[in-house]
Amino acid sequence: MAAMGQYRNIVILTGAGVSAESGIDTFRAGTDGQPSLWEQHDVEDVATPEGFARDPELVQRFYDMRRAAIQTKLPNPAHDALARLDAAWGGDLLIVTQNVDDLHERAGARRVLHMHGEHLKAWCTACDVRSPWRGSLADYPPCPACQARSLRPDVVWFGEMPYEMNRIYAALRRADLFVSIGTSGAVYPAAGFVRDARELGAHTLELNLERSQGSHLFHESRLGPASQTVPSWVDEVLAGA
Ligand code: BJW
């Protein structure tokens, strides 16, 4: 592999694996003997607009529980290392996270894009305003902007368009290094970014606990817990910068 110092524009895709060691459940594979989120819940019930239309209270309670839980968690060394890279890197850098937690930001990262939304925001489907939100949505609180009782979690469910796709593809077009961290490669369009980046000429690197569905698509895969692989990769990049 080429020395990390030769790269200038970096896109980093993160998934649930980057937050696993902070104690936040992944979706598809439980860690340390714990069941994953989708083993405990039917995806169709809690992560689709149809599920929400069928049983809004169930969905609101599911997200209330997770919104409360993430506020008790702390960034881990993988988030810290990415924040360190963000602060030090002079070229373009974009952390495209599929995660709806705020641990990248709490670690200090600034160049973060939440393509699947954020737990700590509520979206009013009446006035289309997104408001910061930390509490419950299950009791139909009024929207801070228009007072309608039409707030839902500001997250992207299956069948909905992920956020800021134009900005993501623009960053992928400029990237000479694409790094995927802790994601199974099971959900599109994020799972397709490695092909896009590669076709556009970027070097592609995967950091994951174990081989993922898309591992064969990367130029290089490094296996291990993100709390170890990410800091050592960041050290390597900054040593070559
Ligand atoms: C560690 C670790 C450690 C663990 N260290 N690593 C057929 C073919 C292709 C596509 C489709 C299809 N049918 C339908 C679709 C589209 C659909 C889709 O992809 N479905 C698949 C199931 C096939 N996608 C959509 O509907 C998306 N929208 C869309 O496509 O719009 C149209 C469009 C067209 C063209 C361009 C653009 C758009 C929307 C997807 C929305 C996903 N939403 C969710 C829920 C968000 C809210 C919530 O949190 O509840 O997002 S689903 C869930 O999966 C969540 C995650 O962000 C996402 C990805 O999961 P992630 O992060 O990869 O987690 P896991 O659990 O899968 O993997 C964890 C990984 O970590 C593993 O690899 C572990 O090894 C690793 N790991 N510990 C390092 N310590």
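Cβ atoms here come from the backbone N, Cα and C positions, even for glycine.
Curation plays no part in TrEMBL annotations; they are all automatic predictions.
According to TrEMBL, the protein carries these features:
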- H116: active site, proton acceptor (ACT_SITE)
- Y63, R66: substrate binding site (BINDING)
- Q98, N99, V100, D101, G182, T183, S184, N208, L209, E210, A226: NAD(+) binding site (BINDING)
- C124, C127, C143, C146: Zn(2+) binding site (BINDING)
- 1-240: domain 'Deacetylase sirtuin-type' (DOMAIN)
Zn(2+) site shell beyond C124, C127, C143, C146, criterion: Cβ within 8 Å of Cβ centroid: A126, D128, V129, P144, A145, Q147, A148, S150, L151
Close-lying binding-site residues around ligand 1 among R66, V100, C127, C146, where CB distance stays under 6 Å: V100
Minimum Cα separation from the residue listed as 'active site, proton acceptor', reported as the residue among binding-site residues Y63, C124, C127, L209, A226 that achieves it: Y63
Cβ neighbours within the same chain of Q98 (NAD(+) binding site) - under 8 Å, at least six residues apart: L13, T14, G15, A16, M115, H116, T183, V187, A190
Residue with minimal Cβ packing [other Cβ atoms within 10 Å] among the binding-site residues V100, C124, C143, C146, A226: C146
Arithmetic mean of per-residue pLDDT over the domain 'Deacetylase sirtuin-type' (1-240): 96
Listed in sequence order, residues with CB under 8 A of Y63 (substrate binding site) and six or more positions away: H119, L137, P153, V155
Distance from C127 (Zn(2+) binding site) back to G182 (NAD(+) binding site), taken between C-alpha atoms, in Å: 35
